[in-house]
């Protein structure tokens with residue numbers, strides 16, 4: 001049985017992009033015979049300035065939304081990264097086979113470091129080594145497949161390189177994973193800046209649809225979405241990013257392809273209206289389940305506790321084997 005691992009970082013409220021590009025896909029894979037682990041990667045949220053209380057609150061909210069989206073703890077493992085010490089243990093070993101040059105070539109590091117410096121802040125070492133911890137997250141479980149968006153593909157490629165390098169130097173220890181991506185909506189873009197990702201870490205704004213937005217707020221954001229200078233509804237990511245983003249969102253909500261849907265609309269207004277309603281209907285059952293789960297906090301805590309216990313049982317033997325392989329004495 002193949003093993004799947006993926007995670008979500010609690011740096012902001014989960015967005016439509018997180019759902020279409022990640023969480024909904026998790027619900028699909030965990031029902032089809034895969035051994036799937038889904039994680040709130042809270043350690044990754046500490047790489048920038050943060051409010052501790054907010055990280056805890058967003059971690060709990062992310063876990064609740066994952067369950068509300070349809071993840072079944074009877075069929076998959078849902079847990080919090082910091083509850084499983086093996087992630088941090090293995091991360092140091094991965095640092096011992098990674099190079100400084102590899103870390104500095106990571107696109108996300110360069111972009112985030114540049115933004116931090118523009119704000120006059122200092123860049124934390126943990127931001128540079130973020131991909132190493134991500135590699136440890138993946139490799140600790142013998143992961144075969146990692147469902148990711150386009151922006152994380154480079155990190156999975158690094159994970160593959162580190163696994164191969166470790167295996168060559170110290171003996172076969174790790175499964176070499178591969179990234180999997182959805183055909184549609186792998187990267188939902190900001191409705192006001194359609195060349196930028198709809199990121200949960202961004203400031204609150206009209207271009208971001210959050211999973212817990214009220215229906216009227218969703219409609220308002222979609223109807224005010226930036227389109228393009230042309231008048232025809234044409235799917236072309238390069239020259240028509242605004243309308244293409246709406247078509248991809250609609251296709252992800254209702255099925256079909258963006259190209260086929262483009263031929264069904266004669267105006268931007270009609271496309272926006274249908275897209276807005278499709279998003280509202282997509283989020284409605286998730287929001288209802290989220291409300292019900294919030295009324296049972298003990299249930300969510302129990303799921304996370306049981307998930308962490310199983311995750312430790314899976315990760316510990318492989319991490320212990322890596323410690324032996326690299327030359328460390330057994331305790």
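Cβ atoms are placed via backbone N, Cα and C, with glycine included.
Feature annotation from Swiss-Prot assigns ATP binding site to 9, 10, 11, 17, 18, 149, 150, 151, 188, 197, 198, 199, 200, 201. Using a 10 Å radius centred on the Cβ of residue 18 (ATP binding site) and all shown protein chains, the other Cβ atoms total 25.
Residues or ranges marked as motif ''HIGH' region' by Swiss-Prot on the basis of sequence analysis: 10-18. Mean pLDDT across the motif ''HIGH' region' (10-18) comes to 93 in this model.
Residues or ranges marked as L-tryptophan binding site by Swiss-Prot: 137. Under 8 Å, Cβ to Cβ, and six or more positions away along its own chain, residue 137 (L-tryptophan binding site) finds 5, 7, 39, 41, 81, 87.
Among the features that Swiss-Prot reports, motif ''KMSKS' region' is placed at 197-201, with the record citing sequence analysis.
The DSSP breakdown of the motif ''HIGH' region' (10-18) into helical (H, G, I), extended (E, B) and coil residues amounts to 3 helix, 1 strand, 5 coil.
Residue 198 (ATP binding site) carries neither a helix nor a strand DSSP state and counts as coil. Following the DSSP three-state reduction, the secondary structure of residue 188 (ATP binding site) is coil. For the recorded site, residue 9 (ATP binding site), the DSSP three-state label reads coil.
The Cβ neighbour count for residue 9 (ATP binding site), using a 10 Å radius and every protein chain shown, is 23.
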